[in-house]
Amino acid sequence: MQYVTPDLCDAYPDLVQVVEPLFSNFGGRDSFGGEIVTIKCFEDNSLVKDQVDVDGTGKVMVVDGGGSLRRALLGDMLAEKAARNGWEGLIIYGCVRDVDVLAQTELGVQALASHPMKTDKRGIGDLNVPVTFCGVTFRPGEYVYADNNGIIVSPEPLSMPQ
């Protein structure tokens, strides 16, 4: 499904929250959206690795990496697994790596920046808890939509206006 966030904002101005414009597109899909699944972690992508193995059909993984610019929370191997398992996309409040491969992967990926260093795997983090960054709280079970214009959050699913 192709989402256009300006059109969604125009159609649902009282329903959506707009995330501060700090993110860039790194994935092969410029537009994506779905039900929110959250991960809160810091320089440890163990839970991201676990979740990409789960069926993500219709879902977007929102990863609160604390805004760290020192390690990448997603790379090519995890992105390819996420795409194979039906994830619509990932929004990473942190960094990604292997960006040339990510751009070829059928997956939406938005993040703050790229960084070549991988994370440690210490098994530390929280799954499906509300996370807040860039002026918005992301709650599991709510909905997020992203494109080259930005990222928006809604408490309910949105349809593109006709």
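Heads up, the Cβ atoms here are built off N, Cα and C, so glycines get one too.
According to Swiss-Prot, the feature substrate binding site maps to Gly75, Asp76, Met77, Leu78, Arg97, an assignment based on similarity to another entry. Residues annotated as divalent metal cation binding site in Swiss-Prot: Asp98.
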For the substrate site built from Gly75, Asp76, Met77, Leu78, Arg97, further residues of that chain with CB within 8 A of the site's CB center: Ala72, Leu74, Ala79, Glu80, Val96, Asp98, Val101, Leu102, Lys118
Candidates Asp76, Asp98: member of the binding-site residues with the richest Cβ shell (10 Å): Asp98
Met77 (substrate binding site): tally of other CB atoms within 10 A of its CB: 12
Neighbourhood of Leu78 (substrate binding site), C-beta criterion under 8 angstroms, separation at least six: Asn45, Val48, Lys49, Val52
Rounded Cα separation (Å) that holds between Met77 (substrate binding site) and Asp98 (divalent metal cation binding site): 9
Asp76 (substrate binding site) versus Asp98 (divalent metal cation binding site) - Cα distance in angstrom: 6
For the residue listed as 'divalent metal cation binding site': DSSP state (helix, strand, coil): coil
